[in-house]
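Okay, structure first, notes after.
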Amino acid sequence: NKVLRLSGDLSEPGEMNWQMILCLVTTWVVVYFCIWKGVKSTGKIVYFTALFPYVVLILLLVHGVTLPGALGGIVYYLKPDWSKLAEAQVWIDAGTQIFFSYAIGLGALTALGSYNRFHNNCYRDAYILAVINSSTSFFAGFVVFSVLGFMASEQGVDISKVAESGPGLAFIAYPKAVTLMPLSPLWATLFFFMLLVLGLDSQFVGVEGFITGILDLFPQPGAGSLRRELTAAICCVVCCLIDLSMVTQGGMYVFQLFDNYSASGITLLWQAFWECVVIAWVYGADRFMDDVARMIGYRPLPFMKWCWAVVTPLVCVGIFVFHVVNYKPLTYNKTYVYPWWGDAIGWVLALSSMLCIPCTVIYKLLRCKGSLREVRVAQRRAACLRPQPVSAVI
């Protein structure tokens, strides 16, 4: 491939791809200037990055459904295959899709929500987010499969042969289908510009969440905006340096490691499990309901408490165990099998974030005075298990 110049193995990083390095540095420079002034400037940019993709999706759908074979692709998209429910990977992929599309466990929504007014109706916003997000994903499926149906019709093959998942769908299958369409340069330009906008949107929101966490964890009253700008610059530079490992000839293998381990749905499921345990069982679901009621003026529906305390933790653990039992070594493009040490590096990447919460819990408990039993009995009053007042983090 002219762009990737892919090497033959993970152990062969090869040369740096200078065209990709230029794109990488440019991307991080854009991200920095999107976030350096905080959410006020970020919010203005989001108006474009969040709305423009809808315009492109509508244009692609209107054109896609007029192509020969589009109906077959849409039928393939809507027709369920119930036997797939017995496969562990289907549930893992579903969990990954939900967690990433909703940014659950990533901290981005938590960080952005912290800038809202105290009495902002976060309960209502959660429902709105769920409806819009799921509707967008469902709508985007029509855009993708109408074009894949056209591609399958042009090649005279079954649509299952052209429907890929992961990066292959966005960067191989769909672009190849676009080249077969009339006015292909126009549609290709719109499609890739939409991907760029979506990528930048996700990237600077994620970095914003990370920076907000750092600034809240190490508050310095009166430091001014210079501290934020410096923190954002350091964060972007460090991330850019890490990303250099992915722009070599073997960079795609490294990217797959990060994508399947450190940024996988399994990692987020683990984080969500501990988040539910801490909120529902340590801090207390009823106390959390009271806190929400204090903010929005009424208590959420009772089923929310049972979701935090029982349903969500059980689902997270179930899918996690399902994945461990059915674990298979990582592969790339269904042909290259990663060596054992490659999978080991992947698990180190995953555990580096998965162990943060339990290790922090142990650290906090060890710092509390008294025995573990005394801490458990007095947890309602223990300082280590109580949120800090607002004045302590400003």
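Placed from the backbone N, Cα and C atoms, the Cβ positions cover glycine too.
Note: TrEMBL annotation is automatic and uncurated.
What TrEMBL says about this one:
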type	residues	note
BINDING	Ser101, Asn133, Leu198, Asp201, Ser202	Na(+) binding site
TRANSMEM	18-39	transmembrane segment
TRANSMEM	51-78	transmembrane segment
TRANSMEM	98-115	transmembrane segment
TRANSMEM	127-152	transmembrane segment
TRANSMEM	230-255	transmembrane segment
TRANSMEM	261-285	transmembrane segment
TRANSMEM	306-325	transmembrane segment
TRANSMEM	345-366	transmembrane segment
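Everything TrEMBL records as a feature, shown here on the structure.
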residue: Ser101; record: Na(+) binding site; CB count, 10 Å: 12
residue: Asn133; record: Na(+) binding site; CB count, 10 Å: 14
residue: Leu198; record: Na(+) binding site; CB count, 10 Å: 16
residue: Asp201; record: Na(+) binding site; CB count, 10 Å: 19
residue: Ser202; record: Na(+) binding site; CB count, 10 Å: 15
Sequence-remote partners of the transmembrane segment (98-115) [C-beta within less than 8 Å, at least six residues beyond its ends]: 39, 122, 125, 129-130, 133, 137, 205-206, 208-210, 212-213, 216, 265, 267-269, 271-272, 275
Cβ contacts the transmembrane segment (261-285)/the transmembrane segment (51-78), at least three under 8 Å, sequence gap 6 or more: no
List, by number or range, the same-chain residues at least 6 past the transmembrane segment (18-39) whose CB is under 8 A from its CB atoms? 3, 45, 112, 115, 199-200, 203-204, 207-208, 211, 225, 228-229, 232-233, 236-237, 239-240, 243-244, 247, 251
Within 8 Å of the Cβ centre of Ser101, Asn133, Leu198, Asp201, Ser202, which other residues of the chain have their Cβ, at the recorded Na(+) site? Ala103
